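According to TrEMBL:
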- B:6-28: transmembrane segment (TRANSMEM)
- B:33-54: transmembrane segment (TRANSMEM)
- B:60-80: transmembrane segment (TRANSMEM)
- B:92-111: transmembrane segment (TRANSMEM)
- B:131-157: transmembrane segment (TRANSMEM)
- B:188-206: transmembrane segment (TRANSMEM)
- B:218-234: transmembrane segment (TRANSMEM)
- B:241-259: transmembrane segment (TRANSMEM)
- B:265-283: transmembrane segment (TRANSMEM)
């Protein structure tokens, strides 16, 4: 059904684009296309990307025209949608999920004049840039808070797919929590979806039933936050500030701030200065933010979190600083060594201490 | 509380929305109509229930609204397929797309709002009994309603005259028409019932399971419900078993991961679907028995001759 609804949406979008191409062709607007993996109303990942789209409209007014297609599944369907956007005359297309990587590259070859921007991937081309954020910096800070605040020493982690992005988050949070609480235990549950509020809620309940008193998530809906609120435990929001779903539960959220990047890229297209780049911004670039800390966080923990945040921002602290062993006990980083970006981007292993096997 | 009981409670929560949608669709298909729009009716029920609960502050009104909205969505399908003779498969698919769109539009003002989950029943003494109390006597009212529906539908289909007529319409609409039974009316009512059930299933998702409103939150449950009806070979008791099997395996595999069993998560995620397929294959071995249960006129358009 998703497929069908996508097909319909794409058709409507295509028709709209064609019509627009007919009428507004002379106006010389920069056309910006977006494709989203979930609904823009997910209050998480896709929601924040759409906020970025709206920021572009606000910034450039009638000099731009934006289009988006939501709920596009990762796979062959994505290629068709990206192709439609390109055919419809988009000047720059943002493809905002890891799974859109290969379709983006494929379509980009067919449309050398269109600029493509792929989020969280690692394949580039003359007309394909990649961009992502160092969410693991946020994960480090929430790991510290969780390590200090858990009473059961059990953190529940709802994970989506075993891609480097997600694995990195688990490792970063675990290492930080472990550094302040040697007895910490992470229970990781993979739900094999980015967005299924019912399943995310089921997973949250299962983790709470098994003794987790703080939840972290790497899925897109606020369902886990809501379940944490009902259960009277704590949780960290993901991608977007989820405070209103868990006014008592949320300790803080890792917030993706795409607007500055999106605006600068569209500007580059307008100025004709766009070129293929690889951007990976963290706290320092303002692409990763932490929402307001809950007043449930004790003053000393809060101070520690703020200190870590500032140190990462200043570049004096790297969340992955050795000695760190891989789960199998082999050495990954020697004492004092920090992780090279290449290792982080391809991370496909748990660090020592994380229990369970990483799905391959 | 004992973890086993918590797990069983989790299974009940995961299974109930599927059971509602499946039992409704079962009646619809028994009357000879194939409505593939279950997903659409569920999501409309989810937002209607959520919105009404927010506006009125009453869960009961929310549930009434969910059932009504589900039935109203089904009524669109009913008018199109029963009076305007549109193709049932295409109309059902369109209904799903329509439901997802309408609910997203309607729900814009409600996303991000919060309501308390539907209260759980608490009967003094009985609910406090060890094991039996938390397992059987401390759920929300919808859980009991879903089980009552299964029993009620089984009784209705097999033990009442009206049920017999409904089955007759599903087996051979021409014969039923020739005898003088109102084929279209029977189907219309069955569709409304199916819509109301799907609506309640959606409301369970937005008022109990999550409990919040997010676009597209049914995430394919309507399609699972459709599979469960086939899985159940159109028998209410088996629909119950199917919904609980699916919900059960889903929740169990999440717990298994939490305990860190050494099986890759992908295999565990597959389990609910694999189990369903395997059981389906086992059931389908005996072709005669399946075709005995399948309504002979399922999905066929009915043109009243005369």
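Every residue gets a Cβ built from N, Cα and C, even glycine.
Model, not experiment: these values are computed from the prediction.
If one looks beyond the transmembrane segment (B:265-283) by at least 6 residues along the same chain, the residues whose Cβ comes under 8 Å of a Cβ in the stretch are 227-228, 230-231, 233, 242, 245-246, 249-250, 252-253, 256-257, 290.
In this chain, the transmembrane segment (B:218-234) lies close to the transmembrane segment (B:33-54): three or more C-beta pairs between them fall below 8 angstroms, excluding pairs fewer than 6 positions apart. Of the candidate ranges B:60-80, B:92-111, B:131-157, B:131-157 has the most C-beta pairs within less than 8 angstroms of the transmembrane segment (B:6-28). Outside the transmembrane segment (B:33-54) by six or more residues, the chain places 17, 21, 24-25, 61-70, 72-74, 77, 81-82, 88-89, 91-100, 102-103, 106-107, 110, 113, 115, 187, 190-191, 194-195, 198-203, 205-207, 212-213, 216-218, 220-223, 225-226, 298-299 with a CB less than 8 A from a CB of the stretch. Of the candidate ranges B:60-80, B:131-157, B:188-206, B:60-80 has the most C-beta pairs within less than 8 angstroms of the transmembrane segment (B:92-111). For the transmembrane segment (B:131-157), same-chain residues at least 6 beyond its ends with a Cβ under 8 Å from one of its own Cβ atoms are 1-2, 5, 8-9, 12, 16, 19-20, 23, 26-27, 30, 63, 117-123, 163, 166-167, 197, 200, 203-204, 208, 235-237, 239-240.
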